[in-house]
Structure formats: structure tokens, C-alpha cells
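S.K.: For reference, the structure I am asking about is given below.
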Amino acid sequence: MTSVVVVGTQWGDEGKGKITDFLSADAEVIARYQGGDNAGHTIVIDGKKFKLHLIPSGIFFPEKVSVIGNGMVVNPKSLVEELDYLHQEGVATDNLRISDRAHIILPYHIKLDQLQEASKGDNKIGTTNKGIGPAYMDKAARVGIRIADLLDKDIFAERLKANLAEKNRLFEKMYESSPVAFDTIFDEYYAYGQKIKDYVTDTSVILNKALDKGRRVLFEGAQGVMLDIDQGTYPFVTSSNPVAGGVTIGSGVGPSKINKVVGVCKAYTSRVGDGPFPTELFDQTGERIREVGHEYGTTTGRPRRVGWFDSVVMRHSRRVSGITNLSLNCIDVLSGLDIVKICVAYDLDGKRIDHYPASLEQLKRCKPIYEELPGWSEDITGVRSLEDLPENARNYVRRVSELVGVRISTFSVGPDRDQTNILESVWGL
């Protein structure tokens, strides 16, 4: 039995899709365990980009099983659109399995998301307006609708009516907005359910059987540790648990069956939306990194905030997710800089701290303490081994590993699959 979890260690957009796609080559089952279509991942195959939001990266391997786990919140409309997109691109989806326990996102969740965000004014949290938070709210409040319910016409109608009665009171009384009509949702979304029903099953059974048979299972996280609702920069977080521990809840697989955790990070840092970002750059260096790194959100299209690599963030992620291996991406983006910086600690009111504070007020006062390293000018996009990197780039990679306290198992020098270099196989192959 071998299982590997892939988690983002920063604020998402670290290149998890690419690394998952890369590791999928040796996996037999690939599963997502949290989030929804608020997270996008881009996979490049033979120079062609595929952008997915719900379906696991393993879908491009027809001989492997791809799983949408129970911890996800699924917009049936988005899922059907994504399936249609893959079919149009000639990608088969017969290997997809969808948990009957996953909750669904409906139009009233999206409307509530938008109204709540607009009402916050300057205190907005930067939601993607995809209805993710309200769907997880319904799940926690025990009024959510699951995929199993969506497939039963009578149950779906009953629960939809009950939810709309509550939501429409909220829309009309609190937000002074128009109600959502039952007829605008029911037929359309029941039809979506019928389109996906052949994929729906108890995915916990599939995953545990695979592990018990010694098959290699890869768990694919969305967002990143710093967006985790418990361990991230609350309240500027997502509504689920991207940390590795979220696997057990979101997939129905026990913690004793998890072997390795691969933390994915960039050689710098990026963030979409509001919230603390101690190493953020506002100068020409930041603009250069944004443009060279094409730092625009897959889901929102918004320019990402960028900054230097933050080892304080990374050590926090290592600790709360139990990271055993590191995958360092986008080293090539830093090529051409005379000096590259790594944040090694924070200065908080004149005191050096090595941990990431929970208090937003303290974070506002934190100043990064940097270590400067000499940069490199060479084009490294064709490098295929650590030894072939320029000395300064090689030293940068080693210093990142030292500061985080985790060995690097892969590093990448570009977006393509063949630009990912293995230092150590996490599968033990």
C-alpha cells in the first residue's frame, strides 16, 4: 500500500495540478478531497493547456481511476460543463467516479456568496463568488443537499423547497434582494444529476479497496495550507481543509493509510485576494515576477499578488500538514534577478519570531527578515538535473530545503511535464 497526498504549502496556485499530473504517471487512483470549482489547476500536455476546476488531473490517464471525494462541494452545472469540455477535446471520462456523499452548490449559494461579500464593504475576504462558503455552511448546518439527494427526484424537490424557503427569507428581509424561484432550479439541476449519475458511487469503498490491494493512490488537494479554514490566515481563507489531514475526512480513508505528503511551493510566493502577505512586493521586481510567471488566477483571472519566498509560512505548512517531501516550482521565473531574497523570520515589535502568528493585528506589524542570495542570469528552462543548474540557482534550492526542513523530491523549471525533475521518487519506485 502506497498513498501520497499533494498539498499546496502557500496560498494556492503553487502548481499542484502540474505536480499531481506528473505524479499521476505512477499512480493508479487519483482523488480530490476538498474544495470546489473555486480552485483551478492547469495541466500542460505536449504544449497544450487544459484548465480544470473540479475533475482530478488523473482524468488524462484513461487506465487510472479519478475520484471526486465526499469532502468536495460540487456545482453540477460546472461539472457537466467540464465534462463536455473534456469530451470536445477528445479526453475520455469513463474513469471518473463521484462520491454520492459530496454536497452540491446551487444558484442560491452563489447569490448568497455575492450578497455577503458585497455587504462587507472594505472588510471583504476576496471570495471567488462560486458559492463555496455558503455550500459548506449548509453542510455544517445539516441542511445541505448531497449528490445522492440530487439523483432522487422527490427527495431533491423536498429539500430544495425547504432550502429556498429559508434562503428567500434571507434574500428578501436581510439583503432586500429578489427571491429565487423553485422552477428556475429544479428541472435544470435534476437534469444535470441525470447526466452524471453513471459516475456516482460510494468512493470511500473504491479508495479503501484500492489501498487494501496495494495500489498506488494519489490524493490531490486544492488551494493551500495558508487558505485552510483552521490553519490559514483566518478569515481570509477557504471554507474547507486543504491540509493533509483533510484527506481522511474528505475521502473516507483513515489516517493510518496515508504514507507520504508532498508539499508543493513556488520559488517565490503568490496570493489571490485579500489577507496578510508579509513578503509582498510592490516594486518593479514584483511586477517582473508577476509578468514572467504569468501570475493571473486560473479561476478569477485576477492579477496575483507576488512576493519573496517565505520560509516562516513554509515551516508552518510543514508542521500542520506533516510534509515529508517538497516540490519546488517556478525556479525559472527568478532567472535574471541580480539578488534573490528568502524570508527567514519576522520582526514583530523589535522581537524576532520564527512562527506564523494567528493574530491579524500582529501580522500587520510583522516585518520580514531577509537573507539575500546572489541570483543567476542563465536560462534554466532546459535543465534536467540539479547538477545542471547554475551554481547560484543550485544554492538557492538547497537553502530553501534547509530553511523549510524538508528534502526536495522534485523541482521544475517551466510549465511542461518534461520540465519537472525528479530527485527522489515518492512512490519508492
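Using N, Cα and C of the backbone, Cβ positions are placed for all residues, glycine too.
So Swiss-Prot says this about it:
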- Asp13: active site, proton acceptor (ACT_SITE)
- His41: active site, proton donor (ACT_SITE)
- 12-18, 40-42, Arg304, 330-332, 412-414: GTP binding site (BINDING)
- Asp13, Gly40: Mg(2+) binding site (BINDING)
- Asp13, Glu14, Gly15, Lys16, Asn38, Ala39, Gly40, His41, Thr128, Arg142, Gln223, Thr238, Arg302: IMP binding site (BINDING)
- Thr298, Thr299, Thr300, Gly301, Arg302, Pro303, Arg304: substrate binding site (BINDING)
S.K.: Relative to the Cα of the residue listed as 'active site, proton acceptor', which of the binding-site residues Asn38, Gly40, Gln223, Pro303, Arg304 have a Cα no more than 10 Å away?
M.R.: Gly40, Gln223, Arg304
S.K.: Hey, which of the binding-site residues Lys18, Arg304 is the loneliest by Cβ count within 10 Å?
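M.R.: Counting other Cβ atoms within 10 Å of each of the binding-site residues Lys18, Arg304, the minimum falls on Arg304.
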S.K.: Look up Arg304 (substrate binding site) in the DSSP assignment and report helix, strand or coil.
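M.R.: The residue in question, Arg304 (substrate binding site), is coil (DSSP, three-state).
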S.K.: Among the binding-site residues Asn38, Thr128, Gln223, which residue has its Cβ surrounded by the fewest other Cβ atoms within 10 Å?
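M.R.: Per-residue Cβ counts within 10 Å for the binding-site residues Asn38, Thr128, Gln223 bottom out at Thr128.
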S.K.: Just the number: how many Å between the Cα atoms of Ile331 (GTP binding site) and Arg304 (substrate binding site)?
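M.R.: Distance between the two Cα atoms comes out at 17 Å.
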S.K.: Want to know which binding-site residues, from Asn38, Thr128, Gly301, Arg302, Arg304, are within 10 Å of Gly15 (GTP binding site) at Cα; which are they?
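M.R.: For Gly15 (GTP binding site), the binding-site residues whose Cα atoms are within 10 Å come to none.
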S.K.: Taking the Cβ of Arg302 (IMP binding site) as centre, how many other Cβ atoms lie within 10 Å?
M.R.: 13
S.K.: The residue listed as 'active site, proton donor': which of the binding-site residues Lys18, Gly301, Arg302, Val413 have a C-alpha within 10 angstroms of it?
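M.R.: Of everything listed, what lies within 10 Å of the residue listed as 'active site, proton donor' (Cα to Cα) is Lys18.
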S.K.: Could you round the CA separation between Lys18 (GTP binding site) and Gly301 (substrate binding site) to a whole angstrom and send it over?
M.R.: 19
S.K.: Between Gln223 (IMP binding site) and Thr42 (GTP binding site), find the distance joining the two CA atoms and give it rounded to the nearest Å.
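M.R.: Their Cα atoms are separated by 13 Å.
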S.K.: If you measure from the Cα of Thr128 (IMP binding site), which of the binding-site residues Gly12, Thr42, Gly301, Arg304, Val413 is the nearest?
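M.R.: Nearest in space to Thr128 (IMP binding site), counting only the binding-site residues, is Gly301.
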